[in-house]
Amino acid sequence: MSSFTHFNEQGRAKMVDITEKEDTIRVAVAQTSVTVNKEIYEKMTNRMIEKGDVLAVAQVAGIMAAKKTSDLIPMCHPLMLKGVDIQFAWHVEEEKALYQLLITVTVKTKGSTGVEMEALTAASVCALTVYDMCKALDKGMVIGPTYLVEKSGGKSGHYQRENSSVGGFANEQ
C-alpha cells in the first residue's frame, strides 16, 4: 500500500506538488442515492414540490459543488473542469414501499490531477439539495451510500468498482 501524500516531513498537512505530473484526460464517475417516501416520490415525479423543480435545482447545485470542491476540501487542487454531467434515475419497488433516487455524476477535465473528489462532492451536494427541498414533507429521508464508480487518467490508470451493485443499484454506464 502506498503512503499518504498529504503530509510533509514534519507530519503536518501539505498540498501535494503536482508540478511535474503530466496532463492527461481525467474522468470520474460517482453515485449516491436518496431514499424518500411515496409522497415525496409522487410529488417529485409530478413536479409538485412547493419549493420548485427539485431535480433541476439539485442538478445546478451539484455542478456548482463540483466547481467549488477545492474551497470545501482543504487539500484539493483548484481545477479547470471541462465537463460535469448529472443523471437521475428512480428505483421503485412499490411492494416494498421503496423509492430511491439514484444520482450519477460524471466529471471530466484535462489536467495533472484527478477529479474523483469533484464527482463525489457533486453527488453529495445533489443529494443534500434533494433533502433540503423535501425535508418539510419528511425528515426521515436517507442519503447514501456515496461512492466512486469509476475513474480514468493519470499515473494510477483506470479504476472500476469491483462490486457491481452498491446500495441496491447496478453500476450503470
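Heads up, the Cβ atoms here are built off N, Cα and C, so glycines get one too.
What you see is a predicted model, and the numbers here were worked out from it, not measured in a lab.
Straight from Swiss-Prot, the features:
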type: ACT_SITE; residues: Asp132; note: active site
type: BINDING; residues: Met75, Cys76, His77, Met117, Glu118; note: substrate binding site
type: COMPBIAS; residues: 162-173; note: compositional bias 'Polar residues'
type: REGION; residues: 152-173; note: region 'Disordered'
Candidate with sparsest Cβ neighbourhood (10 Å radius) among Cys76, Met117, the listed binding-site residues: Cys76
Among Glu118, Asp132, the one of these recorded positions whose Cβ has the fewest neighbouring Cβ atoms within 10 Å: Asp132
Other same-chain residues whose Cβ falls within 8 Å of the Cβ centroid of Met75, Cys76, His77, Met117, Glu118, the recorded substrate site, in sequence order: Thr69, Ser70, Ile73, Leu79, Thr113
Spatial separation of Asp132 (active site) from Cys76 (substrate binding site) - C-alpha basis, Å: 26
DSSP three-state assignment (helix, strand or coil) for the residue listed as 'active site': helix
Fewest-neighbour residue among binding-site residues, criterion Cβ within 10 Å, set Met75, His77: Met75
Farthest-apart CA atoms of Met75, Cys76, His77, Met117, Glu118, residues recorded for substrate, distance in Å: 12
Rounded Cα separation (Å) that holds between His77 (substrate binding site) and the residue listed as 'active site': 28
Rounded inter-Cα distance in Å - Met75 (substrate binding site), Asp132 (active site): 27
